[in-house]
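*Asks:* One structure is given below, represented as structure tokens, and several questions about it will come after.
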Amino acid sequence: MEKNMSYWHQVPPGPNPPDEVYVVVEIPKGERNKYEIAKEFPGIKLDRIIYSSYVYPLEYGLIPQTYYSDGDPIDAMVFMSQSTYPGVILRAKPVGMMNMVDSGDVDNKIICVCLDDPVYSKINNYREIPEHVLKETENFFETYKKLQNKEVKVTGWEGPDKAKQEIKKAIEDYKKL
């Protein structure tokens, strides 16, 4: 794979991965537009407007210079008190992983908190995030594709050790590209 000027290839995975990573925001909290970092050129493109009336409940993006089992950079969701915009690079701490199956394929998400947000920066494990907020997140992902007749199932949550293990593997797999 040719490594071009995409955010995926040009931004490092973080200042101290896997404990402190960069997350490139693709979709801000509160959006229905599903943006994606372009893999083939610098920039961000609109993938689609989601079919439901739901909006993303948190910042959603990717950890650069990673390669996951789905052939894309590893997905990351960042809990923070304010929304940003596509292309913003956040300093984030992995605190867990949401295990998910999307249309029959594994599509796990790394759960992070923004290190520059005093509301969330002291959280070290996803279990410290209010249970209702986690349920809202789970509900969003299990519901937002229903009008497309696609099934998404959250199959569980894991702690920061598993998340960091997945990040390490994704960084190593990226280096093999």
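Here the Cβ of each residue, glycine as well, is placed from N, Cα and C on the backbone.
Grabbed the feature section from Swiss-Prot, which reads as follows:
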BINDING   Lys34, Arg48, Tyr60, Tyr144  substrate binding site
BINDING   Asp70, Asp75, Asp107  Mg(2+) 1 binding site
BINDING   Asp75  Mg(2+) 2 binding site
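So where do these features actually land, and what's packed around them?
*Replies:* Reduced to three states, the DSSP call for Arg48 (substrate binding site) is strand. In sequence order, Lys34 constitute the residues six or more apart from Arg48 (substrate binding site) in its chain with CB-CB distances below 8 Å.
Under the three-state DSSP scheme, Asp70 (Mg(2+) 1 binding site) falls in the coil class. Taking a C-beta cut-off of under 8 Å and a sequence gap of six or more, Asp70 (Mg(2+) 1 binding site) has these contacts in its own chain: Asp105, Val106, Asp107.
Summarising the environment of Asp75 (Mg(2+) 1 binding site), the number of other Cβ atoms within 10 Å of its Cβ, over all protein chains shown, is 21.
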*Asks:* If you draw a 10 Å sphere on the Cβ of Lys34 (substrate binding site), how many other Cβ atoms land inside?
*Replies:* 15
*Asks:* Specify all same-chain residues, apart from the site residues Asp70, Asp75, Asp107, whose Cβ lies within 8 angstroms of the center of the Cβ atoms of the Mg(2+) 1 site, ordered by sequence.
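*Replies:* Filtered neighbour residues, in order: Tyr68, Ser69, Asp72, Ile74, Met100, Asp102, Asp105, Val106, Asn108, Lys109.
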*Asks:* Enumerate same-chain residues with a sequence separation of six or more from Tyr60 (substrate binding site) and a Cβ-Cβ distance below 8 A; give 'none' if the list is empty.
*Replies:* Val25, Glu26, Ile27, Pro28, Asp75, Ala76, Met77, Val78
